[in-house]
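Annotated features, as they stand in TrEMBL:
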DOMAIN    266-359  domain 'Transglutaminase-like'
ACT_SITE  Cys274  active site
ACT_SITE  His333  active site
ACT_SITE  Asp356  active site
BINDING   Asn396, Asp398, Glu444, Glu449  Ca(2+) binding site
REGION    462-496  region 'Disordered'
Amino acid sequence: MNMIVSDFQCYQNNVQHHTEEISFQRLIVRRGQNFSIILYFKNRGFMLDMDKIIFITETGPKPDLSMGTRAIFSIAGSNLKSPWIALIKSNGANFLEVSLCAPPMAAIGHYVLKVHIESFQGPVLAYQLGEFILLFNPWCPADEVYLESEPQRQEYVMNDHGFIYQGNKNWIRPCPWNYGQFEENIINICLKLLDKSLNSQVDPAMDCALRGSSVYISRVVSAMINSNDDNGVLNGKWSEGFDDGTSPSEWNGSVAILKKWYATGGQPVKYGQCWVFAAVMCTVMRCLGIPTRVITNFDSGHDTDGNLIIDEYFDNTGRILENKKKDTVWNFHVWNECWMSRKDLPPGYGGWQLLDATPQETSNGVYCCGPASVRAIKEGEVELKYDTAFAFSMVNADCVSWLVYGGKEQKLHRYTNSVGNFISTKSIQSDDRDDITENYKYQEGSPMERERYMKALQKLQPRGYPEHPRASSQPAGPLSTRGGGPLGHNSPTPPQAVSLKLKLTQPAYLGLDINFVLQTFNLAPQFKALKVNLSAQSMLHDGSPLNVFWQDTAFITLMPSEAKTLPCIIPYSQYSEFLSPDKQIRISALGEEKNSSERFLIDKIITLELPSIVINVLGEAIVGQLLTMQVIFQNPLWEEVGDCVLTVEGSGLFKKQYKIIIGILKPQSKASVTIKTVPFKSGQRQIQANLKSDRFKDIKGYRNVNVSPGL
């Protein structure tokens with residue numbers, strides 16, 4: 001008996017294993033689930049009582065039985081003991097159909113499948129049947145990434161597009177994103193990313209053996225998305241100037257980034273910021289089979305010294321100063337959650353785990369963060385692995401504002417609920433936004449939230465961190481809340497004799513003057529004379545201050561219970577040259593009473609709005625048939641802009657990014673282009689578009705398209 005050929009039944013197996021979106025041409029299966037192959041023989045069929053068949057699977061550079069990267073197993077009932085399983089499904093005249101199953105804890109990655117066949121009194125025949133890829137299996141109850149809900153599996157594993165939320169807590173902007181985890185060659189790139197990791201470079205055999213752990217894989221991927229320690233996927237840059245690469249705000253999706261990294265032999269792609277890091281990590285993790293979603297935290301703390309407090313410094317004009325501790329409050333920060341059990345933690349801390357690929361602080365000497373149990377963050381269990389204390393500070397640190405004047409520092413306010421607002425992610429199988437703040441912390445100001453905060457603080461103090469002011473019996477200063485937004489957010493001052501408020505009088509659009517008012521109200525029965533210093537400066541979304549470009553001083557007198565409104569205008573001509581790529585402006589007002597040392601600070605973060613791109617699909621979308629779409633866009637400025645480029649993409653619709661050189665757009669002009677493509681995948685798809693110029697980088701638009709199967 002000679003075996004002449006094998007059939008891996010890629011189509012049937014891949015459909016059953018939910019990998020048909022990746023390929024029909026190669027076998028890609030999930031652990032803990034059966035897949036079938038057929039062996040064809042010459043001369044005669046397989047005889048169970050005369051023939052012995054042994055299967056061998058191998059992965060990694062040095063397959064080893066003891067490490068779990070090599071398995072030897074036979075038909076069920078044989079003397080060979082292995083977690084891998086083989087069962088005969090059908091035994092014909094010249095073929096044998098066998099069902100194979102990898103254990104639900106097997107290492108993921110590339111595998112080679114071999115077979116040894118020994119006939120009665122005949123030689124042992126050895127064959128290499130071929131290669132296959134093994135992935136995590138959220139459909140398998142025994143897999144540590146098992147997710148019970150099918151709608152959640154469809155959203156967090158199978159959906160190849162979505163939204164990442166940006167802006168600020170009072171103006172939450174959905175940014176469309178093409179994850180594209182099933183696009184051509186992405187699976188190979190994701191596995192190559194694992195091979196390029198520091199762990200793999202040091203001990204490739206052990207690295208492959210550990211790839212059965214979702215905790216291990218998630219930490220490796222978190223480190224490899226950034227390039228701080230290795231040749232990871234993305235270079236991060238938060239300062240201005242992206243001429244030698246791509247501005248983070250220009251990206252529409254992960255596919256172009258991952259393919260560029262792969263094509264250049266693993267050279268980091270320029271540039272990324274938090275939402276780009278998180279989006280690319282989402283692509284990789286979903287491709288490998290780990291349920292993943294992208295999370296945005298508005299007013300996100302970056303606590304560099306681990307004392308759960310963010311210090312912010314201001315001068316006597318209200319201008320925010322560079323922080324000597326490097327503590328900041330990011331207007332928004334984006335990370336990932338991955339679903340997995342946590343056998344390394346006490347019971348009850350599995351489920352969603354925070355992972356952050358943005359290189360903020362090191363974890364065990366490497367720039368990665370997590371997985372930190374979301375439940376552990378909420379409960380203040382900051383000692384649990386990994387990086388839970390840092391994650392806790394991102395959503396629940398305090399802020400203290402300091403006035404720097406005459407070489408001295410004066411404490412102005414302590415804000416107890418300013419960090420961690422409107423924590424957001426895309427809804428399941430919907431374009432709506434879900435607010436999941438309650439997953440991370442109890443309601444601000446509630447006894448439960450206070451208790452968890454104090455628990456976290458007490459757990460951190462034995463590590464040598466300074467005692468937090470809140471731990472003392474006496475308050476360290478007035479309590480207040482704060483945040484930012486183009487719809488008129490203010491940092492309300494605590495109860496005091498005079499109330500100040502900043503309010504926009506109309507929406508703030510890029511290219512237009514900013515109109516706002518300072519509202520004052522005397523709550524006291526005495527006359528009040530105020531001096532208010534007003535200023536405006538550009539901000540990066542990570543909280544870093546840029547130059548002040550506008551200042552004013554107002555002297556206001558108020559009779560008892562009197563209110564006054566001071567109108568203010570910041571002309572476009574005054575802010576246009578100072579605007580950051582994030583289009584965020586901080587307006588502040590620092591007030592003081594005559595003959596009093598008391599000062600009070602309010603601020604407003606404004607995110608300038610841009611018009612959206614409109615995409616019209618002309619006709620029905622059908623696989624294999626030409627589809628025409630019209631893309632309409634506008635220059636929002638009252639000045640000519642140049643170097644305009646329109647980028648369009650969409651998984652299942654375009655084989656690669658579609659770039660159109662527009663050139664010059666006249667002031668306030670509208671334009672449109674017609675694009676033709678041939679869809680190659682059916683189902684719900686999304687078109688993402690971005691327009692950049694020499695004056696702005698991120699006019700966005702999207703359109704959902706339902707593609708029907710072809711004939």
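Quick reminder: no glycine exception, Cβ is built from N, Cα and C everywhere.
Annotated features, which come from TrEMBL, shown on the structure.
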residue : record              : Cβ neighbours (10 Å)
Cys274  : active site         : 27
His333  : active site         : 28
Asp356  : active site         : 30
Asn396  : Ca(2+) binding site : 24
Asp398  : Ca(2+) binding site : 25
Glu444  : Ca(2+) binding site : 16
Glu449  : Ca(2+) binding site : 18
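With DSSP classes pooled into helix, strand and coil, the tally for the domain 'Transglutaminase-like' (266-359) is 15 helix, 40 strand, 39 coil. Ranking the recorded positions Cys274, Asp356, Asp398, Glu444 by Cα distance from His333 (active site) puts Cys274 first. If you take the Cα of Asp398 (Ca(2+) binding site) and the Cα of Asp356 (active site), they are about 21 angstrom apart, rounded to a whole number. Relative to Cys274 (active site), the recorded positions with Cα atoms inside 10 Å are Asp356, the candidates having been Asp356, Asn396, Glu444. Per-residue pLDDT, averaged along the domain 'Transglutaminase-like' (266-359), amounts to 93 for this model.
Rounded to a whole number, the C-alpha distance linking Asn396 (Ca(2+) binding site) with Asp356 (active site) is 17 angstrom. A straight line from the CA of Glu449 (Ca(2+) binding site) to the CA of Asp356 (active site) spans 24 Å.
Within 8 Å of the centroid defined by the CB atoms of Asn396, Asp398, Glu444, Glu449, the record's Ca(2+) site, lie the Cβ atoms of Thr416, Asn417, Val419, Gly420, Lys441, Gly445, Arg450, Tyr453, excluding the listed residues themselves.
In this structure the C-alpha atoms belonging to Asp356 (active site) and Glu444 (Ca(2+) binding site) are separated by 24 Å.
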